[in-house]
């Protein structure tokens, strides 16, 4: 499977393969509250490659925000999806034992190390500023709806 950063934001194709190895779960995993949003605070162990766990999380969720708890841009992005009444998965990198390895993997996947790193419908759309721009242009919600439509069709089969 190939994921690409949205053409709306513009950049290169990023090859990524889905893998069944490693899940974004761990003994200290917690669930967020409100609107079904969830947070991962622990992501397994170092033996499981961060890239595989990132890929699986992105594949299993329509909206994923890789964040840090102290990041104001991350809060801005989470608030945007909350205000849009869109469920999302949050992975707080600073709460993970191997958070720096996950951030390194995200850097290799997206070309940028900063947070937030936001994926919608398996597509990297950028950071908070990119996401807000897509929303103002009326392009963000259609991306989210595409994912929900795809998931609905998958459930019908």
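Note that Cβ sites are derived from N, Cα and C of the backbone, with glycine treated the same way.
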Per Swiss-Prot, member of 68, 153 binding glutathione alongside 103, 115: 68
Spatial neighbour of residue 115 (glutathione binding site) that is closest, considering only the recorded positions 62, 71, 147 and their CA atoms: 71
Using Cα positions only, nearest of the recorded positions to residue 62 ([2Fe-2S] cluster binding site) (68, 74, 103): 74
Among 62, 74, 147, which are recorded positions, the residue with the most C-beta atoms within 10 angstroms of its C-beta: 74
Candidates 71, 115: member of the recorded positions with the richest Cβ shell (10 Å): 115
Residue 74 (disulfide bond) versus binding-site residues 68, 103, 147 - nearest by Cα: 68
